[in-house]
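**Student:** Quick one: the structure is below, and I'll ask about it shortly.
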């Protein structure tokens, strides 16, 4: 090799200069915890193609990785999961409760109260949707910045996979708001409408770059579905050009779950696109003359289709949450089962990081907005054709009230 100069990336990763382009992961993972099953030979070695005859003695021993509570802390997990599950519950209430006319007594005291409750729930759902898109953008930008630069300490594969899951959570939360046709895009508020459209597009594009990094060899690195010590390795160890030994293929369940992370991205993005198309179709119908609008049967079919999409979205959300929680517990260890983790400490299970509180603190804003909406005199604001309680916004209400 013409040039032996190396650029250190973290403690255990050494990369050569641009020529030659091959990377070197100079460490090996040994089974030091009896409670873990590593592979059939209990040792996974990773050595790059630097033109050197490296032995196990020259490779650094890696048993744990550094925790990052701001990325994968328990507070971050709870905040994203609460927004996703909460938006799912509110979406079902709004779609299956209010829209079909269960509470349709418009001129009674009870009906007025239910209108306010509907308006408050809708406010929370829309606010959650906006909040998660902003958090998703921030997560994508931070991940791309850290993951793509060669002069910063890279994410471990575990933390990179967790960051990807937050993007999936954000997409599901947003699609729940779009699928039930809440008053999300309003022609009376063009700035907010076009800003939301732009943010959705940017979110999808940045998430695409995070999930499908062209520098990575996507067929090799562990995803959120893989429970293996390989999650400890820096993400740069799985870039293209790294020579991988045969032991890497002996990790339990490697082939069966390899595409889990990318499937999550594609499905969550598909729900976003379906919600946008469904919402656009419904608003186009509302703008037609009365004679050209769809029949009650067509409106009912539209309601059923959106309900089916919402059910699929909910099932998918539960699957995503299970995968994410299992990986989080696997890396942090389980004290009750006396299983050691793969992190230096359990700081990701504590509440000692400001970054964990930020997503939760943002939720208080939407609760305040919903409370103000509920306490306002709803009848003073119910006069527009674009109001969320307008019969045309909820196609089955008109039919049930006749």
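First residue shown is number 1, and so on along the chain.
Backbone N, Cα and C define each Cβ position, glycine as well.
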**Student:** Examine the ranges 262-282, 325-345 and name the one recorded by TrEMBL as transmembrane segment.
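**Tutor:** Checking TrEMBL against the ranges 262-282, 325-345, the transmembrane segment one is 262-282.
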**Student:** Quick test of your reading of TrEMBL: among 9-31, 32-54, 124-146, where does it put transmembrane segment?
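**Tutor:** Checking TrEMBL against the ranges 9-31, 32-54, 124-146, the transmembrane segment one is 124-146.
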**Student:** In TrEMBL, which of the ranges 243-261, 357-375 has the transmembrane segment annotation?
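**Tutor:** In TrEMBL, residues 357-375 carry the label transmembrane segment.
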**Student:** Given pairs 6 or more apart, does the transmembrane segment (74-103) have at least three Cβ pairs under 8 Å with the transmembrane segment (193-212)?
**Tutor:** no
**Student:** In the same chain, who gets a Cβ under 8 Å from the transmembrane segment (193-212) while lying at least 6 residues past its ends?
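**Tutor:** Apart from its flanks, the transmembrane segment (193-212) reaches 130, 133-134, 136-137, 140-141, 143-144, 147, 163-164, 167, 170-171, 174, 184-187, 218, 261-262, 265, 269, 272, 276.
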